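This report refers to the structure that appears directly beneath it.
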Amino acid sequence: MNENIAEKFRADGVARPNWSAVFAVAFCVACLITVEFLPVSLLTPMAQDLGISEGVAGQSVTVTAFVAMFSSLFITQIIQATDRRYIVILFAVLLTASCLMVSFANSFTLLLLGRACLGLALGGFWAMSASLTMRLVPARTVPKALSVIFGAVSIALVIAAPLGSFLGGIIGWRNVFNAAAVMGVLCVIWVVKSLPSLPGEPSHQKQNMFSLLQRPGVMAGMIAIFMSFAGQFAFFTYIRPVYMNLAGFDVDGLTLVLLSFGIASFVGTSFSSYVLKRSVKLALAGAPLLLALSALTLIVWGSDKTVAAVIAIIWGLAFALVPVGWSTWITRSLADQAEKAGSIQVAVIQLANTCGAAVGGYALDNFGLLSPLALSGGLMLLTALVVAAKVRITPMS
């Protein structure tokens, strides 16, 4: 609670909004998210070039999420009073270094090391992005500034997979990461030029954030968050081999499918507020239920290209409700400890991404093409049941 008050005090103390810094933060977030998901659309050529299976190559997503999980939990304890401006610059440098390491990787180990650097930057930056934004604009402008940040995330999610697939077919997967490194350099330059000094707190009163899990319905909510994101990554990480081998899409066709998925996600995010105004619980239970049915449809009729393409669109629309819905749940049910709850949420999501991609890859290599879909669908169904039975939503006052 003390940290929330402190953040509000800082926001109130800003005389004018620093929009250049806000957009610099948004650009960094967009680049981090884009690079995080690039392997999804480049999995097959990466695996072939490095002489590994697609399931093993998918662990490049796993290690990023795993490192990001720990980074989001412990970054504030590690950096303590360090000026946040220097920390953000460091994260932008790590983004650039990660892309270059992946681009020049001649072994699976170096690939994982590069992706681990990305995870460090991703988790730390994502955990700090909201508080950074609140210190760059007056209190009355904070919602608008935050919308810029989350808008950048939506755009990154739209373009990452299809752009990677398209460029990978033209210039090769290594040059795609070289291009991403250039974007990282732009992040460094923009942050250096626009971000003001943002001193850290000289001291903190230590509180156990995990005590929040003892509140009624909170543990169930975190379990549901874990299962929904694990289910998403169990399937989405391996969408390329599934769609190319099950439905017979070529690279161009897959690019269109991924683009459709991204656009659907953007549309779903844009209209999510209308659904959430009606019922947060219905959205949090209904979206994973629809995803479970979509996974079942792909298992049964996924060899039909039209069906597979339509399911990709439905999947994008439905899953868009999930992250927005759970953020809304935190602001409703954990409003007094929203910052700490958000830190736990980021860690849970990254752990879920790690486990989902890891188990999905193992299933793909050992149990066949449909196994990631079955795993994803099962987790989504369990999510819907947990939300319906155990998760509590505080009504909007």
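Just so you know, glycine gets a Cβ as well, placed from its N, Cα and C.
Quick look at what Swiss-Prot lists:
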{"type": "TOPO_DOM", "residues": "1-21", "note": "topological domain 'Cytoplasmic'"}
{"type": "TRANSMEM", "residues": "22-42", "note": "transmembrane segment"}
{"type": "TOPO_DOM", "residues": "43-54", "note": "topological domain 'Periplasmic'"}
{"type": "TRANSMEM", "residues": "55-75", "note": "transmembrane segment"}
{"type": "TOPO_DOM", "residues": "76-85", "note": "topological domain 'Cytoplasmic'"}
{"type": "TRANSMEM", "residues": "86-106", "note": "transmembrane segment"}
{"type": "TRANSMEM", "residues": "108-128", "note": "transmembrane segment"}
{"type": "TOPO_DOM", "residues": "129-147", "note": "topological domain 'Cytoplasmic'"}
{"type": "TRANSMEM", "residues": "148-168", "note": "transmembrane segment"}
{"type": "TOPO_DOM", "residues": "169-175", "note": "topological domain 'Periplasmic'"}
{"type": "TRANSMEM", "residues": "176-196", "note": "transmembrane segment"}
{"type": "TOPO_DOM", "residues": "197-215", "note": "topological domain 'Cytoplasmic'"}
{"type": "TRANSMEM", "residues": "216-236", "note": "transmembrane segment"}
{"type": "TOPO_DOM", "residues": "237-255", "note": "topological domain 'Periplasmic'"}
{"type": "TRANSMEM", "residues": "256-276", "note": "transmembrane segment"}
{"type": "TOPO_DOM", "residues": "277-281", "note": "topological domain 'Cytoplasmic'"}
{"type": "TRANSMEM", "residues": "282-302", "note": "transmembrane segment"}
{"type": "TRANSMEM", "residues": "306-326", "note": "transmembrane segment"}
{"type": "TOPO_DOM", "residues": "327-343", "note": "topological domain 'Cytoplasmic'"}
{"type": "TRANSMEM", "residues": "344-364", "note": "transmembrane segment"}
{"type": "TRANSMEM", "residues": "367-387", "note": "transmembrane segment"}
{"type": "TOPO_DOM", "residues": "388-397", "note": "topological domain 'Cytoplasmic'"}
When counting Cβ pairs under 8 Å to the transmembrane segment (216-236), the leader among 22-42, 55-75, 176-196, 344-364: 344-364
Paired segments the transmembrane segment (282-302) and the transmembrane segment (22-42) in contact, 3+ CB pairs under 8 A: no
Can you find at least 3 Cβ pairs under 8 Å between the transmembrane segment (108-128) and the transmembrane segment (22-42), where each pair is 6 or more residues apart in sequence? yes
In terms of Cβ proximity under 8 Å, which residues at least six beyond the ends of the transmembrane segment (22-42) contact it? 57-58, 60-61, 64, 88, 91-92, 95, 98-99, 115, 118, 121-122, 125-126, 129, 132-133, 136-137, 145, 148-149, 151-153, 155-157, 159-165, 168, 173, 176-177, 180, 183-184, 186-187, 190-191, 193-195, 236-237, 239-240, 254-255, 258
Counting only residues 6+ away from its ends, which parts of the chain sit with a Cβ under 8 Å from the topological domain 'Cytoplasmic' (388-397)? 216-217, 220-221, 224, 280-281, 284-285, 329, 332-333, 335
